[in-house]
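Novice: Before I ask anything, here is the structure I am working with.
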Amino acid sequence: MKLNRFGAVLSVLSAGALVLSGCGSDNNGAGAGAAGSSSSKVSCGGKKALKASGSTAQANAMTRFVNAFEQACPGQTLNYTANGSGAGISEFNGKQTDFGGSDSPLAPSEYAAAQQRCGSPAWNLPVVFGPIAITYNVAGLNSLNLDGATAAKIFNGAITTWNDPGIQALNPGVALPAEPIHVVFRNDESGTTDNFQKYLDAAADGAWGKGAGKTFKGGVGEGAKGNDGTSAAIKATEGSITYNEWSFAQAQKLNMAKIITSAGPDAVAISADSVGKTIAGAKISGQGNDLVLDTLSFYKPTQAGSYPIVLATYEIVCSKYPDPQVGTAVKAFLQSTVGAGQNGLADNGYIPIPDAFKSRLSAAINAIT
């Protein structure tokens with residue numbers, strides 16, 4: 001097994017990412033119930049060494065998934081390069097990899113390129129779910145509340161100091177320093193950035209005004225590459241703030257803001273429970289086995305205690321591969337991922353895929369040829 005980040009061997013972080021999957025049923029509703037035992041059938045065979053790349057948010061989960069694949073199918077493996085969602089889609093469409101990992105589903109233009117690459121429709125299969133943390137480094141500030149509008153104003157430069165009245169109003173009684181805010185953003189094409197900006201666009205009630213996309217549009221701050229790059233920048237910079245996939249924030253022991261949502265006045269911290277409540281409201285907007293999620297319900301939840309900044313990581317696959325040996329192996333890898341790959345995830349801070357969604361996801365996986 002090889003797990004690569006930016007072409008180098010991935011050093012797996014000791015703290016696990018939160019993997020929440022509970023967003024599908026026969027009626028396009030979502031469920032967040034507990035998963036049952038992982039005994040899914042794996043039909044091994046095909047290409048011996050698969051190659052994939054993309055999302056850094058799923059890099060930690062991939063460790064367990066690749067191990068499960070190697071155990072289920074001796075002599076087969078997957079080499080995964082965690083180089084960002086944009087690269088994952090580009091390399092998949094360029095036939096450099098066998099599938100891509102992306103924190104955003106394919107855009108219309110990417111669908112066309114993927115169909116040309118595959119010679120068949122491409123499918124977005126959501127396998128990993130995780131929250132995005134707003135992390136910060138301010139000496140003496142161990143707790144911080146933000147809402148969508150205030151976060152948007154920080155990340156587009158409308159708020160520039162930590163003791164701004166807008167921040168102070170959300171943190172009564174907290175001594176906020178009169179020091180400048182240093183915004184750090186992802187400077188690579190990133191599904192994490194896309195999802196974070198979608199949250200700002202939806203939850204800020206017009207305060208963001210920059211739109212979304214895989215490149216950061218805030219117009220302020222300093223760039224860093226990948227979740228690990230932004231995490232390192234925050235640790236090194238007093239007065240800084242950024243957005244990270246949760247496992248990186250945990251691994252680097254970064255301070256994480258609590259988020260006030262449209263569902264109630266209480267600020268909500270990231271937890272399995274708070275993210276599970278959010279995912280329970282997800283709907284599938286894709287057709288057939290293309291399991292694209294409608295995530296707008298994440299960003300403005302109606303249930304109190306829901307953490308709103310959540311992304312889904314998709315595996316971008318061909319429905320019918322030009323080389324059937326590749327299709328067989330990709331199917332086997334994903335079968336082991338939703339099967340034995342789920343075992344023990346909770347021990348490392350992961351949440352297994354609930355049965356309600358696993359059955360729908362498995363049906364799509366089994367249809368890959």
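Placement of Cβ uses the backbone N, Cα and C atoms for every residue, glycine included.
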Novice: Ser55, Thr56, Ala57, Asp103, Ser190, Gly191, Thr192 bind phosphate according to Swiss-Prot; which of Ser85, Ser120, Ser231 goes with them?
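Specialist: Record check against Swiss-Prot: phosphate site with Ser55, Thr56, Ala57, Asp103, Ser190, Gly191, Thr192, extra candidate from Ser85, Ser120, Ser231 is Ser85.
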Novice: Of all the binding-site residues given, Thr56, Ser85, Asp103, which residue's CB has the most CB neighbours within 10 A?
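Specialist: Ranked by Cβ atoms within 10 Å, first place goes to Thr56.
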Novice: What other residues of the same chain, not counting Ser55, Thr56, Ala57, Ser85, Asp103, Ser190, Gly191, Thr192, have a CB atom within 8 A of the CB centroid of the phosphate site?
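Specialist: Going along the sequence, the neighbours appear as Gly54, Gln58, Gly84, Gly101, Ser102, Ser104, Thr193, Asp194, Asn195, Asn227, Glu245, Leu311, Thr313.
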